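Enquirer: Encoded as structure tokens, here's the structure I'll be asking about.
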Amino acid sequence: MKPTTIASLQKCKQDKKRFATITAYDYSFAKLFADEGLNVMLVGDSLGMTVQGHDSTLPVTVEDIAYHTAAVRRGAPNCLLLADLPFMAYATPEQAFENAATVMRAGANMVKIEGGEWLVETVKMLTERAVPVCGHLGLTPQSVNIFGGYKVQGRGDEAGDQLLSDALALEAAGAQLLVLECVPVELAKRITEALAIPVIGIGAGNVTDGQILVMHDAFGITGGHIPKFAKNFLAETGDIRAAVRQYMAEVESGVYPGEEHSFH
């Protein structure tokens, strides 16, 4: 199987072909996803909540991300593998580069960082040193204490215009992917159409180029609150491999996410 690359996703955007991505944290699930053709994965700092049992992503360390990245890479050698830089791992461009090098050596193809225009110099430094960057705007979980909880972002003209400005700034600085989380569908459409780079949505409607879900949400194994944008594909299929295929098929056809999973 040919490796999936950033260029693969760029071609999907050009061809208007939606693509599915998912979080992965270990060898076994990574191998299962790859075997079913789901070849874009994120080692997210969401592991702090789903794997480690914390109430936020803030306790996750670079070493945690590197450990899980190495495990996922062994399970899916040809996938496009993104890895989060966790909270306080990129406070300066120099710190970001040092920590990005750690997760890249562990097997990541790209690092994901949360934030807007203040990250421009960091994105430039990373991309100029051969570290591909995925931006993350909207609901950025590392900022949960600023937001006062996990809330929809970008509502209203001023907030929406700021997110669009942030997205354009990240792209101009060299970011090659963007994740949009928990924003109104209308804003997600504006940003997706304004950018040349692929945009991956989570809680952003079906108007983005790709979708991502935390695997625990996709299979209904999350305790407690279930996000509005989540769908339990395992409940519908009764088989985890079939659930992966169903998720991919519904993303590619635009069936998922539906109106019931979207914000306005």
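For all residues, glycine too, the Cβ spot is worked out from N, Cα and C.
Straight out of Swiss-Prot:
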type	residues	note
BINDING	D45, D84, E114	Mg(2+) binding site
BINDING	D45, S46, D84, K112	3-methyl-2-oxobutanoate binding site
ACT_SITE	E181	active site, proton acceptor
Enquirer: Using Cβ atoms only, which residues of the same chain lie under 8 Å from D84 (Mg(2+) binding site) while being at least 6 residues apart in sequence?
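Expert: Non-local contacts for D84 (Mg(2+) binding site): L42, V43, G44, D45, V60, I65, V111, K112, I113.
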Enquirer: About how far apart, in whole Å, are the alpha carbons (Cα) of S46 (3-methyl-2-oxobutanoate binding site) and E181 (active site, proton acceptor)?
Expert: 13
Enquirer: Give the residue from the recorded positions D45, E114, E181 that has the most other Cβ atoms within 10 Å of its Cβ, counting over every protein chain displayed.
Expert: D45
Enquirer: DSSP secondary structure for K112 (3-methyl-2-oxobutanoate binding site), reduced to helix/strand/coil, please.
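Expert: DSSP call for K112 (3-methyl-2-oxobutanoate binding site): strand.
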Enquirer: Give the sequence-ordered set of same-chain residues, not counting D45, D84, E114, with Cβ within 8 Å of the centre of the Cβ atoms defining the Mg(2+) site.
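Expert: Not counting the recorded site residues, we get G44, S46, T57, V60, L85, P86, F87, K112, I113, H136, T140, P141, Q142.
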Enquirer: Just counting, how many other CB atoms are there within 10 A of the CB of K112 (3-methyl-2-oxobutanoate binding site)?
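Expert: There are 24 of them.
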Enquirer: How far is it from E181 (active site, proton acceptor) to E114 (Mg(2+) binding site), counting Cα to Cα, in Å?
Expert: 11
Enquirer: What number of additional C-beta atoms lies within 10 angstroms of the C-beta atom of S46 (3-methyl-2-oxobutanoate binding site)?
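Expert: Within a 10 Å radius of the Cβ of S46 (3-methyl-2-oxobutanoate binding site) lie 20 other Cβ atoms.
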